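The structure under discussion appears below in the form of structure tokens.
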Amino acid sequence: ILVDAQGRRFMTALDPAAELAPRDVVTRGVAAAIKAGKGAFLDARTALGAAFPQAFPTVYAACRASGIDPVRQPIPIAPAAHYHMGGVLTDSFGRTSIDGLWAVGEVACTGAHGANRLASNSLLEAVVFAARVAGDVGAAPLRRGWPPPAPPDLSPRPPPAEDAAAITRLRATMSARVGVIRDGQGLESALATIETIAAGARSPRLRAMTTAARLITAAALARRESRGAHFRADYPATDPAQSHRATAPFGPLRTVPPHPAQSLGEGLAAPPMETRS
């Protein structure tokens, strides 16, 4: 069960299913408890007790390394990013808007998950779409004569000191402004911070991170409703008129309105890079 610092369950007041409510509902409940200063804890003492080490050895070891004994103590918890349901726009065969480039897995937005992924469906998506992409790539004509591109230097190395500090700032901004509970003012503030960080980025890693952050934040700002894992405190209701995927071209991200999804068929003109939410 989930409890606050006083040992009181808080999900029972938020949803009839309590801790078994949809993951977005539970996540908002946890975030609200933490923001209110009550704290949030996973209490497995009754459900597992002495069986915890055998049932969840990895979690148990991590708790013990942090000085927590889950057999006798509730475990402090907080929301964390787990899965991104948006991504690069693809059709049902993983084709992107760039000819010859396919995307599959969490990087792609196939629409298979809707607004709130069901448990384990990401694995099913990866298996199904990987097979479809492989078949489509194998059937595609091989084009010759293109000069081989110079590979970028992506060898692992610590980022420059200024980039390391910027990464910390970017992560804090995304958690605070583009996290579980969002609003227009916070998203606008996040975009401004992201632009500042991007302007000083030196490493490919930070440039990629700011690109992803910009796209996610702009898409969240454009969707003026709450749906699944996307919750806007200033637009808490679900808008039936927005029951479709939205496309955010890579470019002027601050003013991109959502529009109905299209399939990337033959001859469809599409922006060179886009993401969906």
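Cβ atoms are placed via backbone N, Cα and C, with glycine included.
Here Arg23 (active site, proton donor/acceptor) comes close to Asn116, Ala229: these same-chain residues lie at least six apart in sequence, with C-beta atoms under 8 angstroms from its C-beta. Residues or ranges marked as active site, proton donor/acceptor by Swiss-Prot on the basis of similarity to another entry: Arg23.
Taken from Swiss-Prot, the feature FAD binding site covers Glu106, Ser122, Leu123, and the record attributes it to similarity to another entry. Sequence-distant contacts of Leu123 (FAD binding site), defined by Cβ-Cβ distance under 8 angstroms and a gap of at least six in the same chain, do not exist.
Annotation comment: Swiss-Prot describes 146-161 as compositional bias 'Pro residues'.
Among the features that Swiss-Prot reports, region 'Disordered' is placed at 142-161 (among others).
Here Swiss-Prot flags 234-277 (among others) as region 'Disordered'.
The FAD site is defined by Glu106, Ser122, Leu123, and by the 8 Å test on Cβ atoms against their centroid, the other residues of the chain that qualify are Tyr83, Gly105, Asn121, Leu124, Glu125, Ala126. Our reading of the FAD binding annotation (Glu106, Ser122, Leu123) yields a largest Cα to Cα distance of 10 angstrom. If you count neighbouring Cβ atoms within 10 Å for each of the binding-site residues Glu106, Ser122, the highest count belongs to Ser122.
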